[in-house]
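Pulled from TrEMBL:
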- 23-46: transmembrane segment (TRANSMEM)
- 31-312: domain 'ABC transmembrane type-1' (DOMAIN)
- 66-87: transmembrane segment (TRANSMEM)
- 139-161: transmembrane segment (TRANSMEM)
- 167-187: transmembrane segment (TRANSMEM)
- 256-274: transmembrane segment (TRANSMEM)
- 346-582: domain 'ABC transporter' (DOMAIN)
Amino acid sequence: MARSDAARTSAPRTLFGHAGDGAWLLVGGYVLILVDAVAQSLTPAVFRVVLNRIQHDPHQFVRTGWQGPALGAAAIAGTFLVAAYLAHTWTRRGAARWANNLRGALYEHVQRLSMDFFHRSHVGDLAALINQDTERLELAVWQGLTLWWAVALLLISVGLIAWVDPWMALLAVGLLAVAVVWTLLVLPRLRRHTRDIRDELGRTSGTLAEMLGVNALLKAFNAEDHALGQVRDGTERIRAGSETFARLQHRYADPLGFHLSFVAPFLLLFVGAWRSATGTLEIGDVVAIWGFWMRGSTALTAVITTLPEVLAGMAASERTAELLDERPAVADRPHAPALAVTRGGVAFEGVSFAYPGRESRLVLDRFDLTLEPGQTTALVGPSGAGKSTVAQLLLRFFDPTGGRVTIDGRDLREVTQASVRAAIGVVFQDSVLVSGSLARNLRLARPTATDEEIVTALEAANAWEFVRAWDDGVETELGERGVTLSGGQRQRLAIARVMLKDPAIVVLDEATSALDASGERLVLGALDRLLAGRTSLVIAHRIATVRQADQIVVVERGRVGDIGTHSSLLRTSATYRSYCREQAVA
Ligand SMILES: Nc1ncnc2c1ncn2[C@@H]1O[C@H](COP(=O)(O)OP(=O)(O)OP(=O)(O)O)[C@@H](O)[C@H]1O
């Protein structure tokens, strides 16, 4: 709650900083609409002059007295037209630019956040925030202009009433105070409700995106109804929230409209008429006072219906500001240099680590390991021992809680993350391919790679044989997440991507565990070429795939257990021997 309050107060400032070249258009639009409000609220002043002149000297009015009010009316109309047009177009353009800048800034910001953020966030919620909340904000800036105009119109109207008669202005201020107090009482509840609805919308988008992403799993388990139920629960909560909001909104807006459009003008009219009857006001003054009030209050009552959009925009701005306030857990030090890789030696020196949010549980506990340059080190051990965590620390997805990780003697915390990741190529168990052409996928590793270099990488990865058969070759569209490829083909493309990157260090995290025997042979051949001459960290469940490694490390409960080559471990390590027996490896 405290977080949200902080974001609430800092949101407008944080966000307006991203308005960029839209800022002046917005400021201009919001200022110009005041000119429009002044022009519009002056209309009853013309009535006043006309009526009072007719009352004093009708003949004079017919001869020349009409000219002044007519000129005034023309000036008001001209100012109104120009100011309204400019205010509306500037605000629209400014809001669109602001939202666009914000979308870009949010995406860039999210990209810079660390792994822990992605572990605790829903991708769908983030996408909703970046796209829909910024759109909401744009709409709210636009609707807010009309609200601002109506409030300004009412305040200027009260000022004009004071110009005609201070006592009547006092009455108008009292009537306005009732509206303000009513608003202050109800608005916080409306804001809270709007925020809840937007959060629920984000959560449901997250669930929806997740369920669509795992539709093969849902189909395989006939669990579509379960997913549907989860999405329905979310949409049901959104419906209930929206209904409650609508009830609340009308409980607020309807009495307010009644007060502004009925109670207040009648009171002003009757008190004015009474004062006119007693000779302290002229009839034109009474009409003008009534007209001033009606001009402002009618406008305000009309735009109060847009309040939900404005509130939704405010809630969206809080969510957006909260995301922008999010700081990466792993950050580059100021002026950190790039890592200069010379030999590609890696060392874990007394590394301890606990995942953020689970600080009490050490996943790595004084983990010591040296990866000699150009050699292959394999990590084996029971599930949950911490093998993948070792790889995540080498990629600097997280910083160790204790000890240090070095490449060529340089602590990874002293250099930029980008330079660390540029030095390392990774192949995961489930190779991720993005939608777009194959060439585009491979160029993620090296944007400047030529088609010839891509083909060479594909050949080295045993992938060219199937790619060359495709009609469009490397320009073939892969489809979202590469679903049109077999597991082995995907793996070989992922290897080709790392080949193209040509890193000094390679990490393979269960890169072959999901493959069948024939797919594995081709992938292993490709991997042999990839690992040759590079410092490699290979995480494997199956010992058969790593028996050739220069050193094999048995990881147990976050520590280095036994260490050696396959044959030496068979002699010295009972744990390793038992793994080999379980997997029938001689
Ligand atoms: N993002 C995370 N947040 C919190 N805990 C995590 C996270 N990722 C992994 N863990 C925990 O850290 C421990 C080590 O996980 P890790 O994935 O490194 O093990 P592993 O040896 O690679 O296991 P496997 O062979 O099953 O992949 C496990 O207990 C796991 O539950």
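Yeah, the Cβs are placed from backbone N, Cα and C, and that goes for glycine too.
Long-range contacts of the transmembrane segment (256-274) within its own chain (CB-CB distance under 8 A, at least 6 residues past either end) are made by residues 168, 171-172, 175, 178-179, 182-183, 281, 285-286, 289-290, 293-294, 297-298, 300-301, 304. If one looks beyond the transmembrane segment (139-161) by at least 6 residues along the same chain, the residues whose Cβ comes under 8 Å of a Cβ in the stretch are 26, 29-30, 33-34, 36-38, 40-42, 44-45, 87-88, 91-92, 94-95, 98, 168-169, 172-173, 176, 288-289, 292-293, 295-297, 299-300, 302-303, 306-307, 309-310, 312-314, 316-317.
Note on the domain 'ABC transporter' (346-582): its mean pLDDT in the predicted model is 88.
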